[in-house]
Amino acid sequence: MLKKEINVVILAAGKGTRMQSSYPKVLHKLGGKTILEHVINIAKSVKPKKIILVYNNKEKEIKSKISDTSIDWVIQKEQKGTGDAILKASKKFSDKDDIVVLYGDMPYISIESIKKLFTSKKQSDISLLTAYVKNPDGYGRVFKKNGKVIKIIEEQDANFHEKKIKEVYSGTFIANGKDLKRWLNQINNKNIKKEFYATDIVHFANLENSTIKTVQVLNCKEILGVNNKLQLSILEKIFRKKQVNDLLLSGVTLKDPNHFILRGILKHGKNIEIDTGVILEGNIILGNNIKIGVGSVIKNSFIDDQTEIKEYTIIENVKIGKKCIIGPFAHLRPKTVLDDQIHVGNFVEIKDSIIKKESKIKHLSYFGNSEIGSQVNIGAGSITCNYDGVNKFKTIIGDNVLIGANTKLIAPIKITKNATIAAGTTLTQDVNTPCLIYNNKEQKQKKNWKRPQKIIKKTDQ
């Protein structure tokens, strides 16, 4: 017998009105990714023949965030229920394939639980993913008689006794495509909400004496969904705890695990030390022997071995070499590349610049659109004046240049290697020889000068 292929249907057409948001529920972020991206990753993990995504009329918003070309898109213009959504998706799947249904707002279903469904399907016509919970409020109840699944009863349609049932249905199931289409075409909307419930297929499967099995999730948290911002915050907390545990087990030292946030993916070497209040976003790569100080924020960046990021430093889309010292209170902006042994000190901002080995910018400076050579030392309060209100211009500084404090470099400008720029200089022309550059500024003295006195107003008396 040939092995059946898997199609995954993801239901993501709900309006999500309880989120009190102007954009779709499934596009809210969880751990740096949209909820829907998490579910798509779950779907991909089973290596399906096809992923079919049912969405609502927010097509442009959803497709702008989900650019995966392998997905088959199906629109549900009117929200008539989950049964109607799967029926619309059924035009995209084959009778002979097995169909797994996932919900776009349930990002924690595990691959292990889905594999249990696959195993169960070998001995059943339809297998349902369920959980035993202490508080079943809000979930459909699995109604059984003598151990046999009879039907799924939605919360709003359940009577007093049915609401006491502790086995609840997650919404995820697996069934053959041909069977599923037949059952879907029999459901109606004769219920309190006047919707076509996907859960009704269990009733029709039972009428045919089909074999219906239930499979329990490995962890009850897997069935948690998102309907409002409170539930999203609960899922975020669970997600963060798992991330922290994984990092600790992988050897990362977190000084305060309860106040560390990772919104993305962290790849790291050995001897990583992260202090309290640090936020990492996007794709982060850390080498060996890295220290990150209190309150730092790092986004989509690479940091090489033996580099220290001091307190309250912000780094975004930056590549940093080995044995660098950055901060405290430094700001490295996109397109910045630092070579090895660079020192960027407090209140220094660098944007779209390349800085070569062993150079230093240690205090109160701004460098944008710059190329800085090796062993350059830049004094406090130095800035590149790189913008004329319309265009950005480049500053190029050669190797072993010394720039004194409070210097202004009016771009476009180039300074040759070994040149020295005196403190307080405003540089407007290229420096083509390794000389000393300074501005003549006469120091004047005004004798018998007195400081102005404060004028005392009547209201001050």
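Each residue, glycine too, has its Cβ placed from N, Cα and C.
According to Swiss-Prot, the region 'Pyrophosphorylase' annotation covers 1-229, on the basis of sequence analysis.
Among the features that Swiss-Prot reports, UDP-N-acetyl-alpha-D-glucosamine binding site is placed at 11-14, Lys25, Gln76, 81-82, 103-105, Gly140, Glu154, Asn227, Arg333, Lys351, Tyr366, Asn377, with the record citing sequence analysis. There are 27 other Cβ atoms within 10 Å of the Cβ belonging to Asp105 (Mg(2+) binding site). Secondary structure at Asp105 (Mg(2+) binding site), taken from DSSP and collapsed to helix, strand or coil, is coil.
Feature annotation from Swiss-Prot assigns Mg(2+) binding site to Asp105, Asn227.
For the region 'Linker' (230-250), the list of distant contacts is 19, 28, 30-31, 35, 107-108, 221, 224, 257, 260-262, 266, 268: same-chain residues at least six beyond its ends, Cβ to Cβ under 8 Å. According to Swiss-Prot, the region 'Linker' annotation covers 230-250, on the basis of sequence analysis.
For the region 'N-acetyltransferase' (251-461), the predicted model reports an average pLDDT of 96. As annotated by Swiss-Prot, region 'N-acetyltransferase' applies to 251-461, with the evidence given as sequence analysis.
The active site, proton acceptor annotation in Swiss-Prot covers His363 and rests on sequence analysis. In sequence order, Gly345, Asn346, Phe347, Val348, Gly379, Ala380, Gly381 constitute the residues six or more apart from His363 (active site, proton acceptor) in its chain with CB-CB distances below 8 Å. In the three-state DSSP assignment, the secondary structure recorded for His363 (active site, proton acceptor) is strand.
In sequence order, Gly368, Asn369, Ser370, Lys392, Phe393, Lys394, Thr395, Ala411 constitute the residues six or more apart from Asn386 (acetyl-CoA binding site) in its chain with CB-CB distances below 8 Å. The acetyl-CoA binding site annotation in Swiss-Prot covers Ala380, Asn386, Tyr387, Ala423.
Closest to Asn227 (Mg(2+) binding site) in space, going by CA atoms and restricting to the binding-site residues Gly81, Gly104, Lys351, Tyr387, Ala423, is Gly104. Those residues noted as binding acetyl-CoA (Ala380, Asn386, Tyr387, Ala423) have their most widely separated CA atoms at a distance of 22 Å. Within the set of binding-site residues Asp105, Tyr387, Ala423, the entry lying nearest in space to Gly81 (UDP-N-acetyl-alpha-D-glucosamine binding site) is Asp105 (CA atoms). Secondary structure from DSSP puts Leu11 (UDP-N-acetyl-alpha-D-glucosamine binding site) in a beta strand. Reduced to three states, the DSSP call for Tyr387 (acetyl-CoA binding site) is strand. Inclusion criterion for the binding-site residues Lys351, Tyr387, Ala423: a C-alpha placed within 10 angstroms of the C-alpha of Asp105 (Mg(2+) binding site); this criterion is met by none of them.
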